[in-house]
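Below: the structure, in structure tokens.
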Amino acid sequence: MTDFFLHNLLGRTMVAYVIVYSIPLMLPILFIKMVGLKGLRNMFAFDGKKTIIHRLDPRIKVLYPATMGALSVFLNWNWVYALFAVTLIPWILVRPSGARLKILINMTLVPALGEIWSAGLFFTGRANELVYAFPWTISWVGTAGLSTLGLQYGAEQAGRFLVTVSASLLLIFTTDQSEIVWACMKMKMPVKMGFAISIGLRFLPEMFERLSILMQSMEVRGYSFTKPQHWWDFNGLVVYVKRLVTALPLITVPLIVGSLRGTDVMAMVADSRAFGAYKTRSTFEVHRTTSEDKIAWAAYASIIVAVFFIAALHIGNRTTFG
């Protein structure tokens, strides 16, 4: 059997198709199965817990994703995962619930695994670096096979993705929209930029909320979104896909109309509050610098200095692939 899959043309072709299509098909199914629309709706919503991270200066959390993402560019795949481990420390202090933690893991690891696998296929090196060489029958895909160099390159890029996403989700999870506007104003950034960020963070939960309501209203009227119980039920799967395609315009049109109405209401609210009429904005709550903020700023600076120190000593410089 092993000789058939390693040396026979038909067997090698079958293995090649499994390698190419198994991960791209499995990851979206895993993501939807583990997270779902309700999970996405809850994921992009601010949780008003009173932890030390929630109480930090919003300016720290606004700068945090951009800084961590920029620092990850200077490191190779070994050290970039050490930086990712550092970004997990604030999450320990946040203490997210088990359901939200599951969503966080799926939103970070599933895309990262997809990036590693795609780079392993299409970022190929010399023939002796291939883990599995594809036969000529699958040459139309455009890759010679699965390579160790590509997997290493994908691991490095996935590490940078994990660092940036972990820091960005911390901002979304622990910072209120008004705090983001206040932070942008204090950092002499355009207030409209903070307003745009806050609107974007508010739009995603509302969109998923509308989508969930639309699907529930269709189910109440007798339309079934029930998936087949078994994956090998081909006829049931075909019927399920047909139902989704049929329901697509019935869902997207009200969703787009509702989103446009929401933007119109938001514009009227901004005009009624004279947003943009003055260069400076007054705020109801003003953050006062605390000892926790000073410790966070010191830790922030230490991370930056440590990364540049590692890069200066050529210990963890980013790898040049080719």
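Numbers run from 1 along the shown chain.
Yeah, the Cβs are placed from backbone N, Cα and C, and that goes for glycine too.
Bear in mind that TrEMBL entries carry predicted annotations, made automatically and left uncurated.
According to TrEMBL, the feature transmembrane segment maps to 14-32 (among others).
If you look up TrEMBL, you'll see 62-91 (among others) marked as transmembrane segment.
Residues or ranges marked as transmembrane segment in TrEMBL: 103-123 (among others).
Same-chain neighbours of the transmembrane segment (130-155): 9, 12-13, 15-17, 19-20, 77, 115-124, 319, 321, counting only residues six or more beyond its ends whose CB sits under 8 Å from a CB of the stretch. If you look up TrEMBL, you'll see 130-155 (among others) marked as transmembrane segment.
Annotation comment: TrEMBL describes 161-185 (among others) as transmembrane segment.
The list of residues near the transmembrane segment (297-316) in space but at least 6 beyond its ends in sequence, with Cβ under 8 angstroms from a Cβ of it, reads 57, 60, 63-64, 67-68, 71, 74-76, 78-79, 83, 86. The annotation transmembrane segment is assigned in TrEMBL to 297-316 (among others).
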Cβ contacts the transmembrane segment (62-91)/the transmembrane segment (161-185), at least three under 8 Å, sequence gap 6 or more: yes
Quick test of the contact rule: Cβ under 8 Å, at least six residues beyond the ends. What residues does that give for the transmembrane segment (14-32)? 5, 106-107, 110-111, 113-114, 117-118, 121, 132, 134-135, 137-138, 141, 143, 145-146
Contact set, same chain, for the transmembrane segment (161-185): CB under 8 Å, 6 or more residues outside the stretch: 43-44, 46-49, 51, 53-54, 56-59, 61-62, 64-65, 67-69, 71-72, 80-81, 83-84, 87-88, 90-91, 94, 96, 100, 104, 107-109, 111-112, 115, 191, 193-195, 197-198, 201-202, 280-281, 283, 285-287
